[in-house]
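Q: This is the structure I have questions about; it appears just below.
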Amino acid sequence: MPVRAAGAESGRGIPKSPSEAMEELEHTCPQPRLTLTAPAPFADETSCQCQAPHEKLTIAQARLGTPVDRPVRVYADGIFDLFHAGHARALMQAKTLFPNSYLLVGVCSDDLTHKFKGFTVMNETERYEALRHCRYVDEVIRDAPWTLTPEFLEKHKIDFVAHDDIPYSSAGSDDVYKHIKEAGMFVPTQRTEGISTSDIITRIVRDYDVYARRNLQRGYTAKELNVSFINEKKYRFQNQVDKMKEKVKNVEEKSKEFVYKVEEKSHDLIQKWEEKSREFIGNFLELFGPDGAWHPMAQEAPCLQRAWLTDPARAQLERRGVLRQKQMFQERSGRMLQAFSPRQSPNSSPTRGRSPSRSPSPPWVINKTSPPSSPKAASASLSSMSEGDEDEK
């Protein structure tokens, strides 16, 4: 947007006073980033060339969203070595302090950092690039001063400075932000506990051997790691021991898994065997038990008693059938017992040489029947029984 210089003439050709001309100047300050498709620019590439006056704001005014014609320019500085979540969270707080904020981040150079704080892990170029790719940063100022001067604040048109409220003693001062706090331009942020650059370096130093072995495994040489010959051999030997431990651990886990599977299968087999054994015993008892099928006479006795009292001839026929059925069941049971019993020699076999004998008639048939009503009937029944025995012989 074009800017009218001081002393410019109006449309009627009447020159304006410098105060009136300054009031008509519009702010051309850079606006906050709306897209994140590119990294944040450096300050020397896109510096604020706005000629409009930057009136001094209070924190209360800035939180209300004024001024409406320009963003509130917030500055945060630091070393930002080993950029981590604590740094990002501090920048997020600085970015969201006011409704419309433009966040400038100053990064100190290696010379200043090594002089006042100590050596860094990352060089200044790496630290600059880390800040440029943070989503909350709108502009990066390279080679930022260690102590903020009025000239620096005026050059970058800074409204407020954001930092944690802990006094930062350095460069011969108890608090480098003391004059900023007195000017009412300081806005405190909260530190993130449990994470800092010093903490990360402490972890690496504490577990130096672990990380040295790790990098040796990843292909770094002992010279690159500044490791002596003896320590290199020691680390490599420890790596081999760890590999063997890992293999043994894997074998133990696989063996435990195999044993568990075998136990499961054996349990299933035992359970099936028990079910089959119960089924076999049940069938055996159904066949050879006291109420089993091999006791036909016991099952047919009441029928024979009733038949003997009513019809002697019919009873004789039923008796013959029962005897045949009994003989068949005896033969079958004998074959089954012989099949289940251990094999014996032909000479010691108890069944060899034994002649089949006729099964005696059950005594309860004669004992439990009532006497015939007449002598003729008794003699007839005895004769019929003798004929039946001769037929069976």
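Any Cβ shown, glycine's included, is placed from N, Cα and C.
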Q: If you check TrEMBL, which stretch out of 1-27, 217-243, 271-297 is marked region 'Disordered'?
A: 1-27
Q: Looking only at the domain 'Cytidyltransferase-like' (75-203), how are its residues distributed among DSSP helix, strand and coil?
A: 45 helix, 26 strand, 58 coil
Q: Let me know the model's mean pLDDT on the domain 'Cytidyltransferase-like' (75-203).
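A: Here the mean pLDDT over the domain 'Cytidyltransferase-like' (75-203) amounts to 93.
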